[in-house]
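In TrEMBL this protein carries:
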type	residues	note
DOMAIN	A:19-87	domain 'HTH merR-type'
DNA sequence: CTTCTTACA
DNA sequence: TGTAAGCA
């Protein structure tokens, strides 16, 4: 059968493996370093820790951080943004493990 | 040079 | 939320 070395061998794709540093993550999401720390304090995103206590943000973490930035940028408190994203994340897991009905489709941007 | 922490504005 | 100072 055909093998695809370009495909992920582990369940961890480049979503959790690549861990960016603070300046990189902050630049990507467009926020300052203290903001990423506030998200961590809010419990929204807890990045892995590298030697010396240097944070390692993965793409998935940055995605949540970017979503938080959007809410906060619109005037949503960090505490509320943390709750909203947290609930969305939990809801996403629920819908993912419950492919019963595909009523998920409409995306009005 | 880059990150971390704490504090202040 | 953003910036500053000092430290690792």
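Placement of Cβ uses the backbone N, Cα and C atoms for every residue, glycine included.
For the domain 'HTH merR-type' (A:19-87), DSSP puts the residue distribution at 46 helix, 10 strand, 13 coil. The average pLDDT computed over the domain 'HTH merR-type' (A:19-87) stands at 91.
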